[in-house]
Each structure stands twice: as C-alpha cells, then as structure tokens.
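A.B. asks: Sharing a structure below in structure tokens format, with a few things to ask.
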Amino acid sequence: MADYKKVRHRQRPRPVERPKPDGNFWSKFIKPTDLSFPGAVYAVDFNPLSPYDALVTASARLSLVSLSRGSPKVSKTFSRFNGLAYSGVFRPTDGKLIACGDDNGVVTVFDMATKASLRQFTTAATHRGTTGAAARIVRWRKDGLALFSGSDDKCVRYWDLGTAQLLTTIPQAHKDYVRCGAINPAAASELFVSGSYDHTLKVWDMRGRGGGGGGSNRPVSRFNHGCPVEACLALPGGSLLVSAGGETIKVWDLLGGGGGAHGGLLHAFSNHAKTITSLTTDREGSRLLSASLDGHVKVYDLQTYDVLHSFRAAGPLLSVGLAPDNGKLVMGQADGTFSVRTRRSALTSTSAAPISSSSGLPSSELPRTPLLFGGTARHFHRGKNAVAGAGDFQVELAKRQRLAPYDISLKGFRYHEALDKALASRNPRTIVAVLDELIMRRGLRVALTGRDEAGMEPLLAFLARYLNHPDYASSLSDVCHMVLDIYAPMLGQSPVLDELIGRVARGVKAEVAVQREMLGLVGAMDMLIATQLEASVGEGGRDGGWPGGNEEELTSPGRAGED
C-alpha cells in the first residue's frame, strides 16, 4: 500500500525585493579600538588620498593617526600652538597641507611631510600684541589655494594661501560666536556657509572681494535653524544644506534661498536625546552620519531620512568621521577617547593571512582537527555531532512521518472532520490547501453537506474575508458556488448566516466594480497606445514610407542576398 502524501500548501511567488546594501554593511564595523588624548577630541578629518590617515584635533595639538595596518597609532604630532587647537583639516586636492585655528585667532598651515609651519594668518588685533578671538572653524577653498575661517569675534575671514594675505573680513557676520562652516562642493569655489550660536546659517559669496574689503557684507542666503548651530554640511550636488543644532537636524534648499522664519526648509528630523555635535556623509553622499552628546552615532538614508543603523560610544561625542573608502569609522569623545571601528571586509582585504569567519584568527593559526580512523577509541567516542568524512558510508534511517490533524482525517476519508480541523487552525494557507485537496478528491460536497449554524459560521466568515484575495480567489469561488447551491433554500432561517452571506455578496459586488474600472482603464490605455502608434506610422510615411527603412527593402528581404 502506498504511503499517504500530506496536503501540500500552495506556494506563493516571492516578491522581488530591492536589494538593501545597508542590511549588513554597517553591522560589519567591528568592536572599536581606542586611543587616548589629553583633551577633548574636537574635530576629525581624513586624508583624501590613500591610505586615508586620520587627523585628530585634541587639546593643544594635531595628531596624525595611521589606520592602514594593525592597531591605530599616532605617527606625527603638530603642537606649535599657544592655546587650544581647533578644526584641523587636510587640503582637499592633495592632502599635503594641513590647516587649523587656535585660541588666539591664528590660522596656521602645516606641511604634512616635514611638519613645518608654512603660513600663519593673523588678524590686526593679534599683530598689535593682544589676544585675538579663537578661530573655531577653518575650511579650505575647493582648489586648495585659499581658506575661510570663522571665529568667536563673530567675523568671517577669507585668506589667500599664496600671498599670506587677508583678502576680506566680514565684520559682525553673525550676532554670536561662529562655530561651524561648510564649502559648497558643486557651486562657485568662493561660496562659504557659516553657522553660529545666533541660530542662523548664512551663505557668503566671496567673489569680487579683495584687498581687505570690497563687496557687500550681506549674505546671499540666510536660514534660521531655531537654536544654536553646532554643525553644518553641504551635500554633494550643491543644492542642499544640512544643519544640526540642539537635538534636531534640518535640510535646507540652497538654490531656493532663505527668508522668513522657515524659508528654504525642506525637512526636519530628530533622533537624538541630546545636542548633536557633528555631521558627515559616506563616500557616495547617500548616507548621513550624526554624532551627539548622548553617545550615539546615527546613520540616515538621505532619500527617506530613516535611521538605518546606530553606534553606541562610552561617553559624549564631539566629532565623527568616515574614511573616503567607507572602511573606517572614527568617533571623538569629550573625555579624549578616540575610537576607531574597522569594517570587517576591509580588515580581511588588508590582512596578509586569510581570516576565519568563525574565530577571527588567521587560518594558519587555527588548531588542526585530528584525523579519525575506524576501530580506534577516538573514533568510537567522537560523539553524535561528528561530521562524516568524504569516504564514509552514511546509513540513513527512515523517519516516521508526522501528520497534521487534518491530514489524519483525510487519510481516513473523514472529509467533514478534516475541514473542521483546517478551519480551527485559522491559517488561510492551510484552509485553502485542504479545500483544494477536497476539490481534487471530489469530496467537497461531502465536507459541506449536513452542517448546522455553528459549523457554517467559521466557513462563511473565512469566505467573506478571503474571497477577494488574489492568491485564494480561484479556489474559494468554486467553494462559494457550492455553498450557495447547497444552502440557498435555507436563507432567511438564521440571521447570523444571512449576515455572513450578505457580507460575501457585498465583497463580490465590490470586486466586480473594481474589475470594471480596471477594464475601463485598460481600454483607455489601449486607445492611447494605438493613437501613438498611428502618429508614429504617419510621421514615417511623410519621411519616405516606413520608419525602419525603405518599404521596398521591407517587402523584399532577399534583395540583399541577390546583390
């Protein structure tokens, strides 16, 4: 006697999902490696050229941290400052020069190779021997031949690298300290964005300014963030500006300009519990990263502004950076801790020996599994989890088939009972599979006949809910027809059954109305397509007949061979 075959559930086609590269990308950044600095890590920047060393601004020094091989380590230190250093940045064109500001308002340019101080830009107050206001923000022009700086005296300055001269000063550019700035990467190279504790961001056009003056002191655009601005960033493309202040990140339209209380505001979102201190993007410019005093780094999708991933640090964060190759994520904390996270795939590609995914050790250092020979004590005590070798003969034991309750009833040809047990499961796939099996066995009428009100209620409720479902409609329509054939004479005898059958009828009417609208839409689309084809054929006739070539060539395919 042949074995009973269990009821097979109908397999639904899997929807085609768009691949999500962020699924495992951010989770591959392994546990951080920490370095300690004597003061808070105010800023982090990466060399634009490989191997993408990090420049850390902490206390009264700049530290060049090598991240190429093994654990991160400090390779160079720049410490020619009279006070705290701020905003150390590489020159974006070649990474050979480093610029930063300090507590005295001096902007210094270093040669990265020799550590020599090539330029020192000072204000008039510093020349007279007095202490200038701290230069908190320094940014290179796109071509690397000039610098912008913002300071605590509320001014924005524009410096020329070749002549070591101050090209222009915008006095009282803001009403409070200037604490952040950004260069528009896609617009004119003289466009600079400054952010201040007076809650505003301003876009300055430095073209036409020179000789220490000239040009208007009015900004091109002005945006009101609503709270002190801690960080700002111009996105690739040059049309969007991102600002961070308080617990909120806002996206602004640079092309539309600002004005009014919320002029130019496109979107605002908040996912931090404390003040946001730093912003950066990935290599493609499609992901935004924010660091906050709550100790979290959030990763956002710049299309939907949804949070894709989150990293947790041990303390408040002041800076965050992502390497140009997306292989290193660094975070600077208020207590001087500098954390480096390396993406696992990048770590594997730079290692000399292959890494085992299970243990994290090179394969050369993994312990070797001893060979097992038959008849030995080691072979006898190898355990049930031992894996068979290539030459071993495996004996497979026939496992007893466990049947579901409705399968047991179907095996005994108890169709009425099988349908009741399937309905009790409340699984639509199981119920439809059992109904299909009953239709194939020609036992559906047997399963439906002789039911009382309690037996019909779950079946009619299921039909009313799933009759319009595209996956089940073909099977349930046959079941619905048979139910009406059997129980039509009993309508009006039970209010509960009348209500359920009414629900089924209303669902059918709604589905018919939808199908009619769809057919009308298909007809309208066919008419538009036919009109477009007639128009294209007409244009081809005016040009000389057929749009694909000569009519004679289309009707004589063998002419080319004869020639």
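For all residues, glycine too, the Cβ spot is worked out from N, Cα and C.
The compositional bias 'Basic residues' annotation in TrEMBL covers 1-13. TrEMBL lists 390-528 with the feature domain 'U3 small nucleolar RNA-associated protein 15 C-terminal'. Positions annotated as region 'Disordered' by TrEMBL: 1-22, 539-563. The annotation repeat 'WD' is assigned in TrEMBL to 138-169, 171-207, 269-310.
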A.B. asks: Who are the chain neighbours of the repeat 'WD' (171-207) in space, where the CB to CB distance is under 8 Å and they lie at least 6 residues beyond its ends?
C.D. replies: 136-137, 139-143, 148, 150-152, 154-156, 158, 215, 217, 219-234, 236-239, 241, 243, 245, 252, 254, 258
A.B. asks: Would you list the DSSP helix, strand and coil counts for the residues of the repeat 'WD' (138-169)?
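C.D. replies: Grouping H, G, I as helix and E, B as strand yields 0 helix, 19 strand, 13 coil.
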A.B. asks: Mean pLDDT, the repeat 'WD' (171-207)?
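C.D. replies: Within the repeat 'WD' (171-207), the model's average pLDDT equals 87.
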A.B. asks: If you run through the domain 'U3 small nucleolar RNA-associated protein 15 C-terminal' (390-528) with DSSP, how many residues end up as helix, strand and coil?
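C.D. replies: Across the domain 'U3 small nucleolar RNA-associated protein 15 C-terminal' (390-528), DSSP assigns the residues as follows: 103 helix, 0 strand, 36 coil.
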A.B. asks: In the repeat 'WD' (171-207), how many residues does DSSP call helix, how many strand, and how many coil?
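C.D. replies: The counts are 0 helix, 18 strand, 19 coil.
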A.B. asks: May I have the DSSP-based helix, strand and coil counts for the residues of the repeat 'WD' (269-310)?
C.D. replies: 0 helix, 23 strand, 19 coil
